[in-house]
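Step one of this worksheet: look at the structure below.
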């Protein structure tokens, strides 16, 4: 088993520190012992979820075992949000967020999931109607945290069964804790483990068959990802100041399965959560609405919108709720101004310091961009400059002593500086 660990570490070496996600259970206790006896430098990281009356005792056990092996030990307490996805999902989300928070760029955290866990995950996702990506199972190696941070997660024991881990633990006289919730069959995973997989294992080599199926499905998922990348390119995908967009005409030329595949990959590339299948179906249907129809379909953390023959994928736009007396802000033209709704206004090159007032448009304003011979309604100018409708009530108007100088980053007036300020969304 030590060679299994070393092979995984050679294949996926860490450029920074190595961590172990150490719960104190059988699986992570075996991995702790394997790492320590192989004299691989690492630190054990224990997450205290606060969900069990035994949580404090588990923390003390983990610290004692790590200390006994001379392993640096770190514990973190987290708050679990059970509102979205239940207790299991909430605990997992909190745990992974804590891992990422503690890690630095180049660090890698090892988790002790094994082959039995992989089989259970496959069956759970199958019964929930997952697609090829979900049925590909847990990846042995992947990024963790925000994309581009360079933090990684490694599961070196996916090819090892729970029975093999138990044999190793008993042979090395290891001590571990038992989570009493693992016996609660109201949890889907526990039900599968106690009532379903024993019968499957009695007839078939379950872990081996699931591993082969998952590998096949990962290959299929890879092909779908490549196809989506080609389709995104064909549709002229581009980054916008608020979200990103693709050409609607080219998107409509794709078959419906390819449209949905493109949307999934688009969301994944932004690190967004996958929406429910019904929402994805609705987004595709809405793209066929008449050309002058305004569409707005939420897809998890993002929204599909349409404007001028392009399909936009944008963050959820906060509703502006201004209290009485609010609606105008002072700006010195030097430090970035944070505006309601998640926007910032920053000085562009050569933007002069001074006393500016900033507000959102009301309605009926007129403006005259530099080098224009007459003023027009701001509504018409925003249309002319191609600002999508959902942003028009949030564009900042910059004035000094009652004179309008700039409208967002779209244009300046004759009285304004040479270049408009930088207007950006904090996504």
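A Cβ is built for glycine as well, from the same backbone N, Cα and C atoms used for every other residue.
Bear in mind that TrEMBL entries carry predicted annotations, made automatically and left uncurated.
Quick look at what TrEMBL annotates:
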{"type": "BINDING", "residues": "23, 24, 25, 26, 27, 28", "note": "ATP binding site"}
{"type": "DOMAIN", "residues": "356-423", "note": "domain 'Lysidine-tRNA(Ile) synthetase C-terminal'"}
Query = Which residues of the same chain, at least 6 positions away in sequence, have a Cβ lying under 8 Å from the Cβ of residue 24 (ATP binding site)?
reply = 46, 58, 61, 62, 65, 176, 177
Note = The correct three-state DSSP answer for residue 26 (ATP binding site) is helix
Task = Work through the binding-site residues one by one (23, 28) and point out the residue whose CB has the fewest other CB atoms within 10 angstroms.
result = 23
Ask   = In sequence order, which residues at least six apart in the same chain have a CB under 8 Å from the CB of residue 27 (ATP binding site)?
value = 112, 113, 114, 117, 157, 162, 165
Request  = Around the recorded ATP site, report the further residues of that chain (criterion: Cβ within 8 Å of the mean position of the Cβ atoms of 23, 24, 25, 26, 27, 28; site residues excluded), sequence-ordered.
outcome  = 22, 29, 30, 112, 176, 177
